[in-house]
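Peer 1: Would you mind keeping the following structure in view while I ask a few things?
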Amino acid sequence: MGVDDLVNDVMRLKGSRVREIIERRMREFERERSDEELFKELVFCLLTANFSAEGGLRILESLGDGIFTLSEEELAAKLAELGHRYPRKRAEFIVEARKLIPILRDIISSFRDERLLREWLVKNVKGLGYKEASHFLRNIGFKNVSIIDYHILDLLMKYGILEEKPKSLSRARYLMIESILEEISRRTGINLGELDLYLWYIETGKVLK
């Protein structure tokens, strides 16, 4: 197995009902958002770091407006109660990120290149790595960054595209794996943001946020 096999499997899915579900999800990502909704997406991505997307979504929904109003201590207690693995750190990151609420939209629109915007997010938002910053950007409508999480790494291992699963992803390694996904993107005619949903489906049988 290798890149050719993965390309073929993606193309098969592209011709199935899964394509409709994925295209609908991509349209949802492109909708206009308020400043509060942008922050909510950012918090979702902070919650999913070293955690699961499903768990992050469940906790975000349970927190409600608490992401805007709770003190760091209250937020940490609530996150612990809801079962997050790193309640104190995530509470710290969320409270720290609140300062971005009034300026995040302007920061996003000031960048023409989404890769440079991703670099800015990684450097300036505590708790965001390349995976989380890419996830945030895809979820607000950007299409040319890859969300490389353990599901994607497992999939690339299964297809023999990666020889071993990296324990951690440095910037250089992240960009190297992203370049492999760019090749698959070119060959399938599917942008990176959408490709992530196809790969997630192949690995998990689900189309997630």
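The backbone N, Cα and C atoms fix where each Cβ goes, and this holds for glycine too.
Summarising the annotation, Swiss-Prot assigns active site to Lys131, Asp149. Positions annotated as site 'Important for guanine/8-oxoguanine distinction' by Swiss-Prot: Lys209.
I'd like to know what surrounds each of these features in this structure.
Peer 2: When secondary structure is read from DSSP and collapsed to three states, Lys131 (active site) falls in the helix class. Taking Cβ-Cβ distances under 8 Å and a sequence gap of 6 or more within the same chain, the neighbours of Lys131 (active site) are Ala49, Ile147, Ile148, Asp149, Leu169, Tyr174.
A coil conformation is recorded for Asp149 (active site) in the three-state DSSP classification, outside any helix or strand.
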